[in-house]
Amino acid sequence: MSCLYEINRWWRSHVNLWTLYLLFLGQLVSFVLAMGSITSSLVASLGVDAPLTQSSFNYLALALIYGSILLYRRQKLQVSWYWYLLLGFVDVQGNYLVNKAYQFSSITSVTLLDCWTVAWVIALTWFFLGTRYTLWQLLGAAICVLGLGLVLLSDAGVGGGGGSKPVLGDFLVIAGTIFFALSNVGEEFCVKKKGRVEVVTMIGVYGFLVSAVELYPFKQLIYADKN
């Protein structure tokens, strides 16, 4: 009874409408990411090699929607443009590597290994932002990393993995998560200091520009391979 009483007291003191709203938003984001993963896997299974094009539409949508809000507010940039260019470049590379991985590995492996981002973010925020985590948080992250290691072993042949080159796909995902972690930490720092609308707008603008610039050499490379 005392245990149930403590759980009930904790629930009443910590859970409110705002907490439930945040949980709902988290699940909504998870659903959107899952749909994005399914779409990327389907595109790869159809033999379409367009990892940059897939993410460029996301950047364009962010730039148009949040850019409109920024223009309406007539707000001047509070962070120099080259920092946003760097964040946009890093984010584009992460999306490219992860989208490319779908051509070699299964959607299950890519989706699970994408969680490596959490481990990199913990390390980066610890060293660069001074964030401190509890023992339970670190233990939870360690268990997740252990599970991801089992995914790597499975794709290496211990239990069999899906895709034409699962190990290559897995390492592409892990490389992509490093870029995602750098981007996420940079975005978190800017959002807390300068505001969400400006950061998301500039990530969209420079992410789209970087994608557009990188599309041409990749297109030429693919065309040369086919000939």
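Counting starts with 1 at the first residue shown.
From the backbone N, Cα and C atoms, a Cβ is placed for every residue, glycine too.
Note that TrEMBL annotation is computational and uncurated.
Same-chain residues lying 6+ beyond the ends of the transmembrane segment (20-44) with a Cβ under 8 Å from its Cβ atoms: 50, 54, 98-99, 102-103, 106-107, 110-111. According to TrEMBL, the feature transmembrane segment maps to 20-44 (among others).
Summarising the annotation, TrEMBL assigns transmembrane segment to 56-72 (among others).
Only residues 6 or more beyond the boundaries of the transmembrane segment (79-98), in the same chain, are considered here, and those with a CB under 8 A from a CB of the stretch are 40, 51-52, 54-55, 58-59, 110, 114, 172-173, 175-180, 182-183, 186-187, 190, 194, 198-199, 202-203, 205-207, 209-211, 214. The feature transmembrane segment is assigned by TrEMBL to 79-98 (among others).
Look at TrEMBL and you will find 104-128 (among others) tagged as transmembrane segment.
Counting same-chain residues at least six beyond the ends of the transmembrane segment (135-154), those with a Cβ under 8 angstroms from any Cβ of the stretch are 109, 112-113, 115-116, 118-119, 122, 160-161, 167, 170. Taken from TrEMBL, the feature transmembrane segment applies to 135-154 (among others).
Cβ atoms under 8 Å from those of the transmembrane segment (166-185) belong to residues 87, 90-91, 93-98, 100-106, 109-110, 113-117, 120-121, 123-125, 128-129, 151-152, 155-156, 203 of the same chain, restricted to positions at least 6 beyond its ends. Annotated transmembrane segment per TrEMBL: 166-185 (among others), in sequence order.
If you look up TrEMBL, you'll see 197-218 (among others) marked as transmembrane segment.
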*Taking a Cβ cut-off under 8 Å, which residues six or more beyond the ends of the transmembrane segment (56-72) line up next to it in the same chain?*
88, 92, 95, 197-198, 200-201, 203-205, 207-208, 211-212, 215
*Cβ-Cβ under 8 Å with the transmembrane segment (104-128): same-chain residues at least 6 beyond its ends*: 34, 37-38, 40-41, 98, 137-138, 141, 144-145, 147-148, 151-152, 154-155, 161-166, 168-170, 172-174, 176-178, 180-182, 184-185, 188
